[in-house]
């Protein structure tokens with residue numbers, strides 16, 4: 001079984017550098033004061049999300065904590081995987097929904113939570129469930145919540161500066177030699193570009209979690225099988241496309257919405273299931 005984590009890490013790094021470059025560009029348009037205000041706003045908002053990510057996600061999914069008596073298989077699998085990775089045991093939750101999915105959240109391994117829906121517990125066999133839980137634990141061990149918040153903070157700065165560009169374009173006229181039409185164009189394209197890059201970061205982290213989760217369990221084909229089942233199950237029982245659920249979609253192991261209910265692949269939080277399965281099958285072949 002081969003594993004090449006460096007490509008995904010490099011891609012994530014380059015995407016974050018690209019977002020930082022966009023901020024420098026916007027900062028050059030508006031000067032230091034506007035840049036500092038935008039950065040302070042974005043950092044403050046995302047620090048809150050970072051420290052409360054578990055509460056926000058669990059509340060959105062109406063997840064309830066479960067004991068070992070209530071979910072013995074889930075506890076046994078997670079304990080085995082955490083022990084093999086020399087990591088603490090996370091809190092375990094179940095969300096009572098037929099939509100087959102799972103997610104992990106929490107800012108570090110000591111504050112982590114893993115949640116499975118009743119739909120995924122009914123759909124998968126134990127080998128596949130182990131693979132899914134390995135994927136979710138890998139998100140925690142790879143510090144993907146932190147990476148997501150960094151990407152979110154950068155995107156928020158770009159959006160805030162783009163809003164300034166919009167107002168400057170509409171009401172600033174030609175002051176300081178600024179072209180109002182150029183400012184309006186930047187204000188439209190900036191947030192779109194930031195969102196595209198942020199979603200690309202999310203997709204890159206999914207590939208990374210697939211690979212590192214498969215290494216943790218030693219069974220990439222089980223994860224491929226689970227993803228195939230989950231993809232079909234989501235078409236039958238998707239999550240409702242509500243705003244509070246859409247904001248947590250990037251945490252799920254697979255896109256929780258039925259195909260066609262969300263925007264195209266550039267704006268998708270997850271890579272195509274077919275690509276993920278193909279990569280896992282290649283890992284298994286070595």
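Using N, Cα and C of the backbone, Cβ positions are placed for all residues, glycine too.
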135, 139 bind Zn(2+) per Swiss-Prot; candidate in 68, 206, 242 listed for that same site: 206
Where Swiss-Prot places transmembrane segment among the ranges 82-102, 103-123, 145-165: 145-165
Shell of the Zn(2+) site beyond 135, 139, 206, same chain only (C-beta within 8 angstroms of their C-beta centre): 104, 136, 138, 144, 205, 208, 209, 210, 213, 253
Close approaches to the transmembrane segment (34-51) from elsewhere in its chain (Cβ under 8 angstroms; 6 or more beyond its ends): 23, 26-27, 107, 145-146, 149-150, 152-154, 156-157, 160-161, 164
Same chain, 6+ residues apart, C-beta under 8 Å of the C-beta of residue 135 (Zn(2+) binding site), given in sequence order: 209, 210, 213, 214, 223, 253
Sequence-distant neighbours of residue 139 (Zn(2+) binding site) in its chain (C-beta under 8 A, six or more apart): 104, 145, 205, 209, 251
